[in-house]
Each structure stands twice: as C-alpha cells, then as structure tokens.
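Feature list (source: Swiss-Prot):
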{"type": "ACT_SITE", "residues": "Asp90", "note": "active site, proton acceptor"}
{"type": "ACT_SITE", "residues": "Asp277", "note": "active site, nucleophile"}
{"type": "BINDING", "residues": "Asp90, Ser91, Gly92, Gly93, Phe94, Asp144, Gln193, Gly227", "note": "substrate binding site"}
{"type": "BINDING", "residues": "Cys315, Cys317, Cys320, His346", "note": "Zn(2+) binding site"}
{"type": "REGION", "residues": "258-264", "note": "region 'RNA binding'"}
{"type": "REGION", "residues": "282-286", "note": "region 'RNA binding'"}
Amino acid sequence: MLNFDLLTTDGLARRGRMTLNHGVVETPIFMPVGTYGAVKAMSPVELKDIGAQIILGNTFHLWLRPALEVIDAHKGLHGFVGWDKPMLTDSGGFQVFSLGDLRKITEEGVHFASPINGDRLFLSPEISMQIQRRLNSDIVMQFDECTPYQIDGRPATEAEAAASMRMSLRWAQRSRNEFERERNPNALFGIVQGGMFEPLRDESLAGLQAIDADAGGQGFGGYAIGGLSVGEPKEDMIRVLQHVAPRLPANKPHYLMGVGTPEDLVAGVAAGIDMFDCVMPTRNARNGWLFTRFGDIKIKNAVHRNDPRPLDETCGCYTCRNFSRAYLHHLQRVGEILGARLNTIHNLHYYLELMADMRTAIESHSFAVFRARFAADRARGAL
C-alpha cells in the first residue's frame with residue numbers, strides 16, 4: 001500500500017506525505033542506507049532520535065547474507081533488524097552489474113559469481129520480486145540495468161544507453177507481473193533509465209507510464225530516476241535531473257537514487273524530487289568528513305586539535321551538544337569506534353534537518369529564499 005498526498009508546492013518543489021504499511025513519511029525526505037540491514041554505526045533508536053522516517057536495505061547483500069531463511073524466521077526484514085518504520089529495498093540490479101567480469105547479462109537476467117564464495121547464482125526480475133516480497137519492504141524497486149556512464153573507459157554511446165534502457169523497460173514489465181502474481185501488499189517503483197540522453201529518458205518514462213496505465217494507474221506506486229551519480233560530470237547530472245523530474249507523474253512520489261551531496265539534495269528538491277538515498281553522510285562520517293551549515297570540516301586536520309567549539313554551534317544533534325572539535329579530532333586520530341559513531345550521528349542529523357528545513361520552506365512558500373541562504377551559508381565555509 002502507498003498513498004501519496006501532495007500537500008503543497010513552491011515552484012517545482014513539492015511538500016508531500018506518503019502513507020505506507022509501516023507508517024507515514026513526510027516528504028521531501030532523505031533515507032539513510034542500511035546495506036546489510038544496519039545503518040553503519042547507528043542503532044534503530046538513534047535513527048529515530050535524529051528523525052529518520054524510512055531506511056533503505058540492499059536486496060542483493062541480504063539475499064546472500066544472512067540468507068532469506070534467516071530473515072523469514074523473523075517475519076521479514078523489519079523484525080530482523082528491529083525497525084518498525086517504513087523500509088525501501090533496491091532490486092539488487094546495481095550491485096550485480098557492479099561485479100564486472102564476474103557477471104553475464106542475458107534477456108532472462110544476470111548470471112554471476114557470488115562475491116562471497118564464488119558460487120554461480122542467477123538474478124532476474126522475477127527472483128528479485130520474490131526476494132523483496134519475503135523481505136516485506138514497504139517500497140520495492142523494479143529490477144533494472146543501471147546504465148553505466150562509462151563503458152571500456154569511454155562514455156556510453158546513445159545506442160548502448162538505448163539497449164540498456166529498453167532492457168530495463170522489459171524487465172519493468174516482468175517485475176510488475178511478478179509483483180502482482182506474488183500479491184505483494186506493498187508498493188512497486190519503476191525506474192527511469194536512459195543514461196545522459198534526454199530522448200532516451202523520455203522513452204523510458206513513457207514506457208513505464210504505459211505499464212502503469214495498463215494496470216489502471218496502479219502499476220507503480222512511484223517513479224525513480226536511476227543511472228545518475230555514476231561518474232558523470234556534475235553538469236550532466238543536473239541537466240538530466242532537471243529534464244526528467246518535472247515530467248514524472250505529479251500524483252506519485254519521485255525518487256532520485258544514490259544522490260548525493262547537500263547541494264545535490266537542494267537541487268533535487270528544487271527540480272521536484274521527493275526522496276533521496278546515499279551512503280555519503282555515513283561513509284564520509286567514518287572518514288572524518290563532516291557536513292555543517294557553514295561548509296564541510298575534515299576533523300582529522302591539525303587545526304582542530306585544540307578547538308573547544310562544537311562542529312556547528314547551530315546544530316542540535318547529540319554530538320554537537322556534548323563534544324568539542326578537539327575531542328572528535330582526537331577520536332579520529334586514534335581510530336576510536338566512538339568517533340565514527342558520533343560523526344555519523346552528526347552527519348545524518350544534518351541531512352535529516354536539511355530535509356526538514358526544506359519541508360518548512362515549501363510549506364511557507366519561501367523555498368527560493370531558503371535556497372539562496374543555504375548556498376550563501378555553505379559558501380562561507382566552516383570557521
């Protein structure tokens with residue numbers, strides 16, 4: 001089940017509300033990534049404390065480890081990971097296609113060697129839907145081929161991107177058919193592909209909308225933009241985003257997959273995106289790269305050795321309320337696990353507060369003012 005209410009707009013920016021089987025999600029929203037069933041360095045209680053409404057799990061990795069039988073014993077992924085709010089799972093396609101020489105793509109699906117033990121495995125639209133049904137995620141992603149930006153060290157040609165996109169469209173239909181056959185009570189999202197080529201993006205979206213229409217408008221609960229932030233220049237990412245996002249069906253949520261920086265999130269919301277996910281805030285946190293209202297901080301740098309200030313005096317997260325830059329610098333230098341935890345709490349809090357601020361700005365029809373202030377604050381740099 002997915003009900004989406006578009007509450008108000010400000011330009012192309014949208015303020016919405018998704019009602020899913022495990023709860024309500026206020027949009028626009030950022031989804032922390034829990035690849036193996038855990039958001040790195042964070043407990044479910046901590047995620048709720050910083051305002052996480054929905055988290056993402058990885059179908060491919062959870063299928064391989066711990067295996068579906070283990071998750072079945074917990075009545076699905078929510079019970080296994082101890083999270084009672086909504087969850088989204090990807091289809092596993094991106095991870096399979098990232099295996100390079102270890103995989104072979106056919107019309108039926110993808111044959112590949114397990115990165116864990118080398119076993120020969122096969123993943124198809126049907127199998128992906130069956131796995132995600134057993135995981136019981138609130139939002140299920142269609143099985144697709146993520147068109148790479150580069151093939152053999154050069155940008156993908158339009159013909160290569162077209163072949164990949166059309167394969168994804170055929171797989172979208174098969175995903176939809178299997179989702180229906182499984183009687184999955186959750187929501188299926190289609191994924192717009194087409195590389196850096198606007199006409200191919202248009203063709204992909206039209207094909208997904210045809211599948212949706214054939215199911216009486218119930219074919220897809222939402223629409224995602226895939227194949228961005230895969231190595232392309234930033235200007236190409238923004239160009240494709242600004243072309244596709246306004247064309248997505250207005251009555252369904254819009255999801256920009258795998259993106260990105262704080263600036264990317266603001267640009268995405270300005271273009272009409274409702275949902276984001278990215279490993280950046282958690283990965284950067286573990287590496288000591290911290291996001292603040294006034295720019296980024298590399299906490300390992302010597303300049304922070306004796307600094308008694310919090311990371312961001314305007315931030316209300318647990319880390320900023322209780323610890324100094326000097327202490328976080330020390331933890332990073334000596335490799336203490338607590339450092340990774342405190343950094344992650346801060347970065348995810350920053351991302352989620354950024355989304356909350358954008359929701360408020362859209363509600364008050366002051367998003368343009370917010371966006372200008374955001375850019376000026378970030379450009380100032382952390383002092």
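The first residue you see is number 1, and the count goes up from there.
Using the three backbone atoms N, Cα and C, a Cβ is placed for every residue, glycine included.
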Helix, strand and coil residues within the region 'RNA binding' (258-264) as assigned by DSSP: 3 helix, 1 strand, 3 coil
Distance from Cys317 (Zn(2+) binding site) back to Gly93 (substrate binding site), taken between C-alpha atoms, in Å: 35
Integer Å distance between the CA atoms belonging to Cys320 (Zn(2+) binding site) and Phe94 (substrate binding site): 36
Residues of the parent chain within Cβ reach of the region 'RNA binding' (258-264), under 8 Å, 6 or more residues beyond its termini: 94, 226, 228-230, 237, 276-278, 280, 291, 350-351, 354, 374-375, 378
DSSP three-state assignment for Cys315 (Zn(2+) binding site): coil
Environment of Asp90, Ser91, Gly92, Gly93, Phe94, Asp144, Gln193, Gly227, the listed substrate site - residues of the same chain whose CB lies within 8 A of the CB centroid: Phe97, Met141, Gln142, Phe143, Glu145, Cys146, Ser168, Ile191, Gly226, Met257
DSSP-derived structure type at Asp277 (active site, nucleophile), helix or strand or else coil: strand
Average pLDDT across the region 'RNA binding' (282-286), rounded to a whole number: 98
Check: same-chain CB within 8 A of Zn(2+) site center, minus Cys315, Cys317, Cys320, His346: Pro310, Leu311, Asp312, Gly316, Tyr318, Thr319, Arg321, Ile345, His349, Tyr350
Summary of DSSP states over the region 'RNA binding' (282-286), given as helix, strand and coil counts: 5 helix, 0 strand, 0 coil
Tertiary neighbours of Gly92 (substrate binding site) (same chain, Cβ under 8 Å, six or more apart): Asn58, Thr59, Phe60, Trp63, Leu123, Ser128, Ile131, Phe143
Nearest recorded site to Asp90 (active site, proton acceptor) by CA-CA distance, among binding-site residues Asp144, Gly227, Cys315: Asp144
